[in-house]
Protein chains: 2
Amino acid sequence: MAQILKGAPVVAAMNEANAARCAALKEKGIVPTLAVVRVGAREDDISYEKGIVTRCGKVGVEVRQFHLAEDVTQEELLDVIRQINGDASVHGCLIFRPLPKRFDDRRVQEALAPEKDVDGITDGSMAGVFTNMPIGYPPCTAQACLEILKYYNVPLSGKRAVVVGRSLVVGKPAAMMLDRENATVTLCNSRTQDLPALCREADVLVVAMGRRGAIGADCLREGQVVVDVGIHVNEEGKLCGDVRFDEAEPIVEAVTPVPGGVGTVTTSVLVGHVVDAASAQ
Amino acid sequence: MAQILKGAPVVAAMNEANAARCAALKEKGIVPTLAVVRVGAREDDISYEKGIVTRCGKVGVEVRQFHLAEDVTQEELLDVIRQINGDASVHGCLIFRPLPKRFDDRRVQEALAPEKDVDGITDGSMAGVFTNMPIGYPPCTAQACLEILKYYNVPLSGKRAVVVGRSLVVGKPAAMMLDRENATVTLCNSRTQDLPALCREADVLVVAMGRRGAIGADCLREGQVVVDVGIHVNEEGKLCGDVRFDEAEPIVEAVTPVPGGVGTVTTSVLVGHVVDAASAQ
């Protein structure tokens, strides 16, 4: 019977800390402010935006919404980003992506000032996460994995961490952040041979493959802490992760649930970055 | 009896390729040109510079030497870098480091345009090596490890690679470059538990600890390819590496020697970056 590493108490603790920091900044006349930039009206974006607005409201971060028409030009979008860069009263900026295909995503990413890149999309943020220097901010989902591990006091220094999946939004930055905590980190990919054996070597297993139920009992052993970043809808319409939870739960020491795990923490990480950015600027 | 992965044939092949590419560029009126910036007259720097000038001369890369007095100010140094950034006839720039302590190393690093950063010191180069995008250039020593492995056709895809040491000039970028080749990479650090057992898991072992003779027979098994990045002087005044060569050689499948291994390839990587930069600009 594994400990279930729920996101909710992590979120509660982060909200409390963020709210206190917000209040302290407001006493100095600084209102931590996040700009969100949305092109068109994708359902996913709208729902994520709602979550952000709610979470920000709770801790005292102001949100400025830039809603651009579906047919906005690249130049108009870049103008909005430049305006945000130049506005000292805005501390962080989230651009909903993926953008429609006609945009040059790379140019959009690079238009944003790294010090306002609270979502970790710029080269500055990538350099920061790789070098462990205070440049930009790490991608929120990767940091959410670490926030959960830290909240539940999971030992990392000297431990074996295995990260399955090497995307730039989760796997690779999570690997760097685990290394920063002095874990010995192995980064797996689709060519990895005998993935189950490798996973069993992990004290901490971070699964960010984006494949539903890819990790089961054969990949697990007792004593492990498992962080499941995947989020999928199964045949019955229920949310589930990359890890077969019902197989993991009787074996491992602790596991994050899906839903209610990593995903719930991501927005609080974003909000925390805005407060960090407001403190720094 | 291991195969000795000497640097010399790697260098010869790289020189040949670089010379051919230089000749082709010259036909288009482009002379690949490297600026070297040296503050003061440290013996190490002068000797490295000599090596660079010789290697560049052999393949047809022009070198412009900026020798600044020991008492040059930070602003004067930054002016030289800005001048190099703005000079379209200079394609790459190497700044000898470490700089004297009174300099703000970070500001100097960041003053250099990433597209001329052939030595991999800027945030742009760090982001490039982390994201596998064509921004800047990887640190030369890290790439030298990969050049040796590629020259000797060492299989990497799906193989276990273990990197011991996580510096930003060797270990971490080497880990990223091995990942790029689809190896399953483990990055070890000083807190790693049971390092010998972990090293024995490696098909390819890259040792960049900076500790003389730290890796011996207990860390090795047959079938491994070992890349030794260390360079030290022993009690008898002889050069040696992080790996105890006499212990490795009877056990492993292949090993780089010290001297005559990774170190010899580094300058050719630098020269190759200058040619790349000249081709790109």
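Just so you know, glycine gets a Cβ as well, placed from its N, Cα and C.
As written in TrEMBL, here are the features:
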- B:5-119: domain 'Tetrahydrofolate dehydrogenase/cyclohydrolase catalytic' (DOMAIN)
- B:139-280: domain 'Tetrahydrofolate dehydrogenase/cyclohydrolase NAD(P)-binding' (DOMAIN)
- B:Gly165, B:Arg166, B:Ser167, B:Ile231: NADP(+) binding site (BINDING)
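Feature annotations (TrEMBL) mapped to structure.
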residue	record	Cβ contacts under 8 Å, 6 or more apart
B:Gly165	NADP(+) binding site	B:Gly171, B:Cys188, B:Asn189, B:Val207, B:Ala208, B:Met209, B:Gly210, B:Val229, B:Asp242
B:Arg166	NADP(+) binding site	B:Lys172, B:Ala175, B:Leu187, B:Cys188, B:Asn189
B:Ser167	NADP(+) binding site	B:Ala208, B:Gly210
B:Ile231	NADP(+) binding site	B:Leu239, B:Cys240, B:Gly241, B:Val258, B:Pro259, B:Gly263
Exercise. Record lists B:Gly165, B:Arg166, B:Ser167, B:Ile231 as binding NADP(+); longest Cα-Cα distance in Å?
Worked result: 16
Problem set entry | Overall pLDDT of the domain 'Tetrahydrofolate dehydrogenase/cyclohydrolase catalytic' (B:5-119), taken as the mean | 97
For this session: Among the binding-site residues B:Gly165, B:Arg166, B:Ser167, B:Ile231, state which ones have a Cβ less than 8 Å from a Cβ of chain A, giving them in sequence order; state 'none' otherwise.
Result: B:Arg166
